[in-house]
């Protein structure tokens with residue numbers, strides 16, 4: 001295993017574990033307070049890195065049209081995704097959330113095919129249909145079992161749509177600019193939009209009662225789950241290609257399920273278990289190819 005492979009495996013484990021980390025912190029800190037803190041930290045770090053390296057030259061080359069796309073990415077892929085994700089995770093289980101988010105690559109491929117970026121084989125369409133049937137079982141099964149609300153699960157479905165738009169709309173920019181620049185700028189825009197909505201939660205946050213472990217989780221969720229993991233993922237895309245890199249995205253829901261079982265005591269059973277199996281089978285079917293896949297610029301899985 002190369003160093004890049006090791007970084008990618010660590011990234012997948014971090015992203016999967018981050019679901020449980022966030023769920024734990026939400027017991028002490030209101031959701032929008034937590035997200036505002038971690039997004040602010042990650043955005044500042046990204047901007048510092050962009051400024052401190054030659055990548056700042058990419059910013060100067062951005063045209064007015066490019067900035068319009070970056071703004072769109074910030075509004076939908078960062079602000080919209082993060083608002084839906086943190087609110088949805090508060091209302092559903094880690095297991096439900098991670099399994100639903102696992103459908104993101106399939107959704108990205110469908111939209112990419114619709115706009116002419118790629119052609120999909122038959123097994124990809126079958127796998128996608130199977131995954132969406134599985135998601136439906138998870139949503140309704142979770143509500144019936146009382147472990148989640150349909151609104152929380154549907155917000156996770158909306159997260160998949162937001163990340164799909166973010167990925168497909170950003171591909172033309174990634175052909176000309178560093179992924180770090182596009183990610184950093186769009187995250188900074190999303191954070192600026194998110195902060196005003198976090199003010200009510202900031203006002204009611206019991207700061208004196210927030211334990212040190214919660215602050216450690218904030219640092220983990222920003223520096224590791226956002227800064228390190230995004231950088232490591234795109235390093236993998238650059239050195240290994242997106243097809244090989246994307247294999248590691250299958251580790252994310254596994255890590256999320258295991259961490260939820262160990263740390264939060266969550267369990268999959270009944271119709272939710274059947275749904276999880278269908279999602280896993282569908283994702284694997286969409287990953288299977290008879291011939292090498294063409295290189296893609298940005299098919300990173302949605303981060304928690």
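Just so you know, glycine gets a Cβ as well, placed from its N, Cα and C.
According to TrEMBL, the feature domain 'EamA' maps to 4-139 (among others). For the domain 'EamA' (4-139), the mean pLDDT of the prediction comes to 86.
The domain 'EamA' annotation in TrEMBL covers 151-286 (among others).
Per TrEMBL, transmembrane segment is recorded for 7-25 (among others).
Per TrEMBL, the feature transmembrane segment maps to 37-54 (among others).
Marked as transmembrane segment by TrEMBL: 66-88 (among others).
What TrEMBL lists as transmembrane segment is 94-115 (among others).
Marked as transmembrane segment by TrEMBL: 127-148 (among others).
Residues or ranges marked as transmembrane segment in TrEMBL: 154-174 (among others).
Tertiary proximity for the transmembrane segment (181-200) is limited to same-chain residues at least six positions away from its ends with a CB under 8 Å from its CB atoms, namely 32-33, 35-36, 39-40, 42-43, 46-47, 49-50, 55, 58-59, 70-71, 73-75, 77-83, 166, 170, 173-174, 226, 230, 234. Taken from TrEMBL, the feature transmembrane segment applies to 181-200 (among others).
For 212-235 (among others), the entry in TrEMBL reads transmembrane segment. Panel annotation: around the transmembrane segment (212-235), residues 4, 7-8, 10-11, 14-15, 18, 21-22, 24-25, 28-29, 34, 37-39, 41-42, 45-46, 179-180, 183, 187, 245, 300, 303-304 of the same chain, lying at least six beyond its termini, place a Cβ under 8 Å from a Cβ of the stretch.
Residues annotated as transmembrane segment in TrEMBL: 247-264 (among others).
As annotated by TrEMBL, transmembrane segment applies to 270-288 (among others).
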Secondary structure composition of the domain 'EamA' (4-139) [DSSP: H/G/I, E/B, coil]: 115 helix, 0 strand, 21 coil
Three-state composition of the domain 'EamA' (151-286), taking helix and strand from DSSP: 121 helix, 0 strand, 15 coil
